[in-house]
Amino acid sequence: MAPIEQKIGDASNSDERIKQVGFLTHMMRRPELGAVAGLILVVAFFFLTADRSMFSLSGLMTILAPASQLGILAIAAALLMIGGEFDLSIGSMVAFAGLIFGAALTNFGQPLWIAILITMLLAAAMGAVNGQIVIRTRLPSFIVTLAFLFILRGLTLVGLKWATGGSTQLRGIGEVVSDGPLKGLFSGVAFQDLFSWLAANGLIEKFDNGVPKVTGVPVSVVWFIAIAGLATWVLLRTRIGNWVFAAGGDPNAARNSGGPVDRVKTGLFALTACAAALVAIITVLDAGSTDARRGFQKEFEAIIAAVIGGCLLTGGYGSAIGAFFGAIIFGLVSIGLTYTKFDSDWFQVFLGSMLLLAVLFNNFIRRKVTGER
Amino acid sequence: MTDRKSETAPPVIEVKNIIKHYGSVIALSGVSMKVSQGEVLCLLGDNGAGKSTLIKTLSGVVRPSGGDFLVEGKPVAFNSPRDALDAGIATVYQDLAMIPLMSITRNFFMGREPVKGIPPFRRVDFKYCSEVTREEMHKIGIDIRDPNQAVGTLSGGERQCVAIARAVYFGAKVLILDEPTSALGVAQTSMVLKYIHQVQQKGLGVIFITHNVRHAFAVGNRFTVLNRGKTLGTFDKSEISLEELQNLMAGGKELQVISHELGGTI
């Protein structure tokens, strides 16, 4: 008993030590560390190998536009992964939501705001169904959402043929949506005035007629940054964020402590589906059409971006800002290779290696952080 | 300190002839026990004696099929673990109390996070949380460098102590400890037992579930032995020896026979 006695009584002078958390330890504890390191590596690689135009403003926008669409999905996928579940149906959900959105506008002639509302509500409902099945059957979400990957893709095909009378592409969406502030939220570019001003003052490149070469920031990029900020704040600063970590870390312990695990998980599934619907709305409005292959394999890309961003496959650990960087890495590599002399088909090799490295790194960090033996 | 032998105040928890059926299976067929403030009641029993069902009943996870359940003299019926928590009954489960990947602070305030700000900007006051956690860890002598370190970095004994400290901090009147020492080594066990003793000194009632008679004897004031869903008896520490308790718990006769065959080394 003697050493224990000592331990219990010996806490009086431990206060000084508390403040001595090393900067390195502090950084190591951040799940997005790997993604930041990866981003630096990738940028350095392209800086050495790629054409300078990749790092111009227009090059940056070319990279960020696809990265942001993936990123919106990746951030939602990251939250769900931290909550301990997967959703393999988000890619198919993009196509399905695109069909609903397109059909509401063209076949049913609804105004834009109703089409958006219907698409979002239906997506949320489908996500909640996914979540409820996972929770009630206690089946792995991997298998339940794999089923929905096929169900939703199939429904989209069938629905498209019904809506178009036999085609797998629904056109004419651009014509029925009139310009307005609501459309501006979901399509085109933002901050046009700012960019014109910058061009007028010679701060950014412009054409001879005075029009800036880059007219603004694509709205998807604005959504991407806003969602990353919001998700990070919710995750790190709110009660719901605390419960997301708990639901993924140890659902039983979370329940015993009074955390609403089932509600949190259902909400996360609905959120992921809504993120897919948002991407669908943005891409469909931009293209003016929707087709059956929309969002194809996006579920894998989103999960890869989340893992590169530091999410553990087992849940309970990860970050939204990490997924943000993960998606940017993804965009950099997929677009960046075209600026180099390398064959751009190296992309998949690069991506696979990156994923493997990220997983190994994450496991190492987790052992370090938790002192797991 | 509260008067430990206070006979005037009703027991914090008292159950009389509690019965629980799962379909045709009778898990509890009339268990009675009580625990008062500042008292450690040890609940002993071999596997299948009904310990787990009794805890689940007390902590609001399952509803009893019959019998009386009184908290501070008043009959209660819990619908959820939350009800039990609100009534001041906190249960610390053996390995289901803490989330290893989360920080000590986040674990400490799990489900009861203090918030500041107005919605939709309502957020958890993590600065305050960390201060409280640091202070509470300090009180129980767990030497942490930083309350934001993951619970996974703590030893098993420390985790149990943090879980108990959390229950005490949030105003528990009774602690139910479900085999807190069964997975621990010797030093870790004494750390937890020591802390149980401290909690008792503060005037809380403790229900300590174990099948280790030595651990029970080290901190217990009274011992209730369960067997096959029934109370075999309740004994004051002065009334019974460690050996008698051990025999009673294992059903008496069989153990002695085995003990004899093993040359008395059980």
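Positions of Cβ are set from backbone N, Cα and C atoms, glycine also.
Predicted, not measured: the structure shown is a model, and the values here were computed from it.
Within its own chain, the transmembrane segment (A:33-50) is flanked in space by residues 27, 308-310, 322-323, 325-326, 328-329, 332-333, 336, 339-342, 354, 357-358, 361-362, 365, which lie at least six positions past its ends and keep a Cβ under 8 Å from the stretch. According to TrEMBL, the feature transmembrane segment maps to A:33-50 (among others).
Positions annotated as transmembrane segment by TrEMBL: A:56-81 (among others). With a threshold of 8 Å between CB atoms, the same-chain residues lying at least 6 positions outside the transmembrane segment (A:56-81) that come near it are 87, 90, 94, 204-205, 213-214, 217-218, 220-221, 223-225, 227-228, 231, 235, 244, 248, 268-269, 271-272, 274-276, 278-279, 282-283, 298-299, 301-303, 305-307, 309, 311-313, 315, 318-320, 322-324, 326-328, 330-332, 334-336, 339.
Only residues 6 or more beyond the boundaries of the transmembrane segment (A:88-106), in the same chain, are considered here, and those with a CB under 8 A from a CB of the stretch are 73, 76-77, 112, 114-116, 118-119, 122-123, 126-127, 130, 142, 145-146, 148-153, 155-156, 159-160, 163, 170, 172-173, 176-177, 272-273, 275-277, 279-281, 283-284, 289-300, 302. According to TrEMBL, the transmembrane segment annotation covers A:88-106 (among others).
Residues or ranges marked as transmembrane segment in TrEMBL: A:112-135 (among others).
For A:142-164 (among others), the entry in TrEMBL reads transmembrane segment. Sequence-remote contacts of a segment are chain residues at least 6 beyond its ends whose Cβ falls under 8 Å from one of its Cβ atoms, and for the transmembrane segment (A:142-164) they are 86-89, 91-93, 95-96, 98-99, 102-103, 106-107, 126, 130, 133-134, 170-171, 290-292, 299.
Among the features that TrEMBL reports, transmembrane segment is placed at A:184-204 (among others).
The annotation transmembrane segment is assigned in TrEMBL to A:216-236 (among others).
Annotated transmembrane segment per TrEMBL: A:268-288 (among others), in sequence order.
Residues annotated as transmembrane segment in TrEMBL: A:300-333 (among others).
The transmembrane segment annotation in TrEMBL covers A:345-365 (among others). Remote same-chain partners of the transmembrane segment (A:345-365), defined as residues 6 or more beyond its termini with a Cβ less than 8 Å from a stretch Cβ, comprise 28, 31, 33-35, 38, 304, 307-308, 310-313, 329-330, 333-334, 337.
Nonlocal intrachain contacts for the transmembrane segment (A:216-236), taken as residues 6+ away from its ends with a CB within less than 8 angstroms of a stretch CB, comprise 61, 64-65, 67-69, 71-72, 75-76, 78-79, 82, 184-192, 194-195, 244-245, 275, 278-279, 282, 319-321, 323-324, 327.
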